[in-house]
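I have placed the structure first, in the form of structure tokens, so that the comments after it can refer back to it.
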Amino acid sequence: MMRTHYCGSLTEAQIDQTVTLCGWVHRRRDHGGVIFLDMRDRDGLVQVVIDPDTPEAFATADKVRSEFVLKITGRVRRRYEGTENSNMVSGQIEVLGKEIEVLAQSETPPFPLNDDNINISEEHRLKYRFLDIRRPEMLDRLRFRSKVTNLIRNYLDDHGFLDVETPILTRATPEGARDYLVPSRVQNGSFYALPQSPQLFKQLLMVGGIDRYYQIAKCFRDEDLRADRQPEFTQIDIETSFLNDDDIMDLMEGMTVKLFDELLGIKFDKFQRMPYSEAMRDYASDKPDLRIPLKLVDVADLMQDVEFKVFAGPAKDPKGRIAALRVPGAGALPRSAIDEYTKFVGIYGAKGLAYIKVNEIEKGVEGLQSPIVKFIEPIVMQLLERVGAENGDIVFFGADKAKVVNDAMGALRVKIGHDLKLVTCEWAPLWVVDFPMFEETDDGKWTSVHHPFTLPKSSVEDVKANPGEALSVAYDMVLNGTEVGGGSLRIYTLEMQKAIFEALGISDEEAEEKFSFLLNALRYGAPPHGGLAFGLDRLIMLMTGASSIRDVIAFPKTKTAECPLTQAPAPVEANQLRDLGIRLREQPKKED
């Protein structure tokens, strides 16, 4: 062993012991003939003092610079009174260095690693990720990630789950996003697909009698990136047999409660369970942030006969929605703020943002301030009564197709909640349940809200007769407005699976071509089963307070799915393409 202790693990318990440390020079200071080195390793920092009484060590220390890799042997002693550092685990002690060996020198890093206040571009950090990881902030996040996965494994092991690996090279199946395709050299002209999830394989494991499965799985989706999306991501994938949806939610809730309690010291009460219809009605989102105490109120029925077309049109449209958002005590918002909110909802397709300021409600219309009151005067007081408006409030309105209203007003609710500091608590977990089985596309076809293997609450006959009315036995875990996990019970009979494919417009021939292995499995006695998948990266992001999942992944991709460190993706040699039977088509040149 080259070392006896980690730098960050030294405490007063080691006083008067001789220790050997290995690590990097975090910071070097020369004070009046005494050299101080802050030594850093994975566990933290410790101060090393080298004085002229050890001439050889002092001469070596005089030449070292930041990020040199050193091996230091010395004696642990208590710091002099007044020089302690309460911000460090090792802040009560220091190491009096006796021997120093330079294991590796370092050039000056492209950005400082010992100053968290330096503003470094993300692309620069990713290009030199091997250096960025040395920063204590990044090391802490990766260490925390390891603790999370270790606790999850232990929890699932204790509850009888088996860790089973599923294939990375598989075939393309319709799961919503584009697949990453891998050409086969042996089967020329054919392609593997990297898995978007282990969904079908974990269902087959249940048919195989595994009973309880889990895997911390790599998944791949070729989709547009956002702050919480990556082309490759990690999923805590879980499947069980002979449990109902309540059992699965209780099991996964228990795991989440344990994570937050043991790693953050946060104790959760029983998670609320909210139907999808309630979430959309009150919060215009299927992942509501319950820390914000604002709710939407439907008012379309009051607008049926108004002459104001902005409201009358959506009120009479079966696919329209008019929703009011009352913000208590915000009637003093300046016009500039309202204009900014109007621009904000425009991002989501809203054509404007109507509002009413309630100054003195007892004066009726005269006590209101709004450019729209004159158009809805006959029903305005009834409207304000429905939303519970009081003096000093402002009420915003969204009127359009339901999707536009939900997207715009749901986002506005969250933005206003944060802008006006209305957040009532630090954490608000819940389950959203009773999702629709299908949603209608613009061309009148049905598509799965989750995936085509989700079990409906309806019978086969009802699914065929009224697919739009079918609810699924699906459940999403939502934390602070972010979906951290989602799952469902699965279809386990051939008859129901064929009925769902039929509703989705998947012919028998297409089903056999793409899913013959699943349909075959359902012919041989599949158990009732269901599961869930957590987005590990997203969960770690929330628990650490990181602003992006890129900050909790060792080697992430950029928003354009590139790796600045390795320059991936990159062109390949012509002979490699020839072996795969691939010829690249020349792309038209972009005009200047």
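Glycine is no exception: its Cβ is also placed from the backbone N, Cα and C atoms.
Features of the protein shown, as given by Swiss-Prot:
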type	residues	note
SITE	H31	site 'Important for tRNA non-discrimination'
SITE	G82	site 'Important for tRNA non-discrimination'
BINDING	E175, R221, H450, R490	L-aspartate binding site
REGION	199-202	region 'Aspartate'
BINDING	R221, D222, E223, Q230, E483, G535, L536, D537, R538	ATP binding site
Check: Looking at the recorded positions H31, G82, R221, H450, R490, which has the shortest Cα distance to R538 (ATP binding site)?
Finding: R221
Note to self: Between the Cα atoms of R221 (L-aspartate binding site) and L536 (ATP binding site), what distance do you get, rounded to the nearest Å?
What the structure shows: 15
Check: Including all protein chains shown, what's the count of other C-beta atoms within 10 A of the C-beta of H31 (site 'Important for tRNA non-discrimination')?
Finding: 8
Next item on the list: Using only the Cα atoms of R221, D222, E223, Q230, E483, G535, L536, D537, R538, which the record gives as binding ATP, return the largest interatomic distance in Å, rounded to a whole number.
Entry: 20
Note to self: Let's see if you can do this one: DSSP helix, strand and coil counts over the region 'Aspartate' (199-202), in that order.
What the structure shows: 4 helix, 0 strand, 0 coil
Margin query: Considering Cα atoms only, can you say which of E223, H450, E483, L536 is the nearest neighbour of G82 (site 'Important for tRNA non-discrimination') among these binding-site residues?
Written below: L536
Next item on the list: According to DSSP, folded down to helix, strand and coil, what is L536 (ATP binding site)?
Entry: helix
Check: Which has the fewest other CB atoms in a 10 Å radius around its CB: E223, E483, the listed binding-site residues?
Finding: E223
Checklist line | Confidence summary for the region 'Aspartate' (199-202), mean pLDDT rounded | finding: 96
Checklist line | binding-site residues listed as R221, H450, R490, R538, least Cβ neighbours within 10 Å | finding: H450
Checklist line | Closest of H31, H450, R490 to L536 (ATP binding site), Cα positions, recorded positions only | finding: H450
Next item on the list: Sorry to bug you, but what's the C-alpha spacing from H450 (L-aspartate binding site) to E223 (ATP binding site), rounded to the closest Å?
Entry: 17
Notebook entry, point to check: If you draw a 10 Å sphere on the Cβ of L536 (ATP binding site), how many other Cβ atoms land inside?
Noted result: 24
Item checked: Neighbour tally for G82 (site 'Important for tRNA non-discrimination'), based on other Cβ positions within 10 Å of its Cβ -> 5
Next item on the list: To the nearest whole angstrom, state the Cα distance for the pair R490 (L-aspartate binding site) and E483 (ATP binding site).
Entry: 20
Checklist line | Inter-residue C-alpha distance, E483 (ATP binding site) and H450 (L-aspartate binding site) (nearest angstrom) | finding: 13
